[in-house]
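Single-structure report; data block below.
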Amino acid sequence: MLKVSALLCVCAAAWCSQTLAAAAAVAVAGGRSDGGNFLDEKQWLTTISQYDKEVGQWNKFRDEVEDDYFRTWNPGKPFDQALDPAKDPCLKTKCSRHKVCITQDAQTALCISHRRLTHSMKEVGGSHKQWRGLPSSTCKPCPIAYASPVCGSDGHSYSSQCKLEYQACVLGKQISIKCEGRCPCPSDKSMNIGRNVKRACSDLEFREVANRLRDWFKALHESGSQNKKTKALLRPERSRFDTSILPICKDSLGWMFNRLDTNYDLLLDQSELGSIYLDKNEQCTKAFFNSCDTYKDSLISNNEWCYCFQRQQDPPCHTELSNIQKRQGIKKLLGQYIPLCDEDGYYKPTQCHGSVGQCWCVDRYGNEVVGSRINGVADCAIDFEISGDFASGDFREWTDDEGEEDDIMNDKDDIEDDDEDEGDDDDDGDVHDGYI
């Protein structure tokens, strides 16, 4: 009896082993416990990164869904081979460095950022993750067509109007077309200038270029602040450009400089400046950046960057007076510091605050000369131009080591540094031809 029982146990064990082996073979052959959803497997999530390769560099200022967000395989392949449902379209798709390829269906490959992919997963128990679906499932995808780039109101370039509308749908915000072509939008005058016609640019045209670039940087800065949470910069603190020492660079200009300065040396070389797209028709844009390079060393320092834009602003003293009048309205506030302007709208060398009885010396752009503030009338016989006018060939070199903020600041509150926002989308920029 015991022998019969033992024999039955051995047979039962063998039958169970064969059954499990057969079930495993069926599963390997194509049977799936997840209902066919390949994204439910953790193994897939670790292997899709093999498609995350890109030849060359990626423009850091492009949106995640724009510029061929829906990628396709090589159109030179035979038609029947390209549409073979047995082949993974991601095998023939190259995504940017910070994106991965996923298969939307048998014929559509989709490049999506790591961040969006992570946000589309939710924890279900332990370490198992369940796919919730693409964030753009309700947004209409764009057909494959020739690129017709447009510049969006968020400061980003899109390969077509459809890509712009798709981006707006994915992000759930309003994005309109600012102009045809890539950002920044050219002026009306530059559209009528031939490609091969060389001419000198006027001061007015330089000012228009600076204003357009400043508006573009502001749109990028605000767009980045709205889309991402602020994160601390992973860079040496002493290598960062302290924008508080130069008020003109405390906002978007300083933010853009830190974005472009990828090696943190406080100098922009040709490869770093190449991240800014230049319209071939806008000859004055190239000339503008050439004018910023005071030392003619093919490098733009943080000082040169800030003062180059500062020179192209409206007369600073008149601008400050207008701002004061707008803030206080009809009533004049007691104790308010009122700057003294010359006939051209720039600051006079001697500035005084009658309420506190102090005077100090400034350059024509209103930057205070360190150590010149005294009680009483200051001796500012020299026309200071060192910090704003590089034409003099001399200027004061600011460094991050100098903690002279209390002496530099006027009778105003301290200016707080803007939060830097260089999160997950700090991709490598496309390298264009240098223009210096």
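Yeah, the Cβs are placed from backbone N, Cα and C, and that goes for glycine too.
The annotation signal peptide is assigned in Swiss-Prot to 1-22 on the grounds of sequence analysis. The feature disulfide bond is assigned by Swiss-Prot to Cys90-Cys101, Cys95-Cys111, Cys139-Cys169, Cys142-Cys162, Cys151-Cys183, Cys317-Cys341, Cys352-Cys359, Cys361-Cys380, with similarity to another entry given as support. The feature domain 'Kazal-like' is assigned by Swiss-Prot to 133-185, with sequence analysis given as support. Annotated domain 'Thyroglobulin type-1' per Swiss-Prot: 314-380, in sequence order, evidence recorded as sequence analysis. Taken from Swiss-Prot, the feature O-linked glycosylation site applies to Ser387, Ser392, supported by sequence analysis. What Swiss-Prot lists as region 'Disordered' is 393-436. The compositional bias 'Acidic residues' annotation in Swiss-Prot covers 399-430.
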Check Cys90 (disulfide bond) against DSSP and tell me helix, strand or coil, would you? helix
Long-range Cβ environment of Cys317 (disulfide bond), under 8 Å and at least 6 residues apart: Pro339, Leu340, Cys341, Asp342, Gly345, Tyr346, Tyr347, Lys348, Gly366
Using all protein chains in view, find how many other C-beta atoms are within 10 Å of the C-beta of Cys380 (disulfide bond). 17
By CA-CA distance, flag whichever of Cys95, Cys101, Cys162 among the disulfide-bonded residues is nearest to Cys151 (disulfide bond). Cys162
Among Cys139, Cys151, Cys352, Cys359, all listed as disulfide-bonded residues, which has the most CB atoms within 10 Å of its CB? Cys151
One of the disulfide-bonded residues Cys162, Cys169, Cys380 has its Cα closest to the Cα of Cys359 (disulfide bond), namely Cys380
Count of other CB atoms lying within 10 Å of the CB belonging to Cys111 (disulfide bond): 23
Which of the three DSSP-derived classes (helix, strand, coil) applies to Cys317 (disulfide bond)? helix
CA-CA within 10 A of Cys169 (disulfide bond), subset of disulfide-bonded residues Cys90, Cys101, Cys142, Cys183, Cys361 in residue order, equals none
Round to a whole number and give the Cα-to-Cα distance in Å for the pair Cys139 (disulfide bond) and Cys162 (disulfide bond). 11
Suppose we draw a 10 Å sphere around the Cβ of Cys361 (disulfide bond). How many other Cβ atoms does it contain, all chains included? 23
Out of Cys101, Cys183, Cys352, give those disulfide-bonded residues positioned within 10 angstroms of Cys361 (disulfide bond), comparing C-alpha atoms, in sequence order. Cys352
From the DSSP assignment alone, can you count helix, strand and coil residues within the domain 'Kazal-like' (133-185)? 11 helix, 9 strand, 33 coil
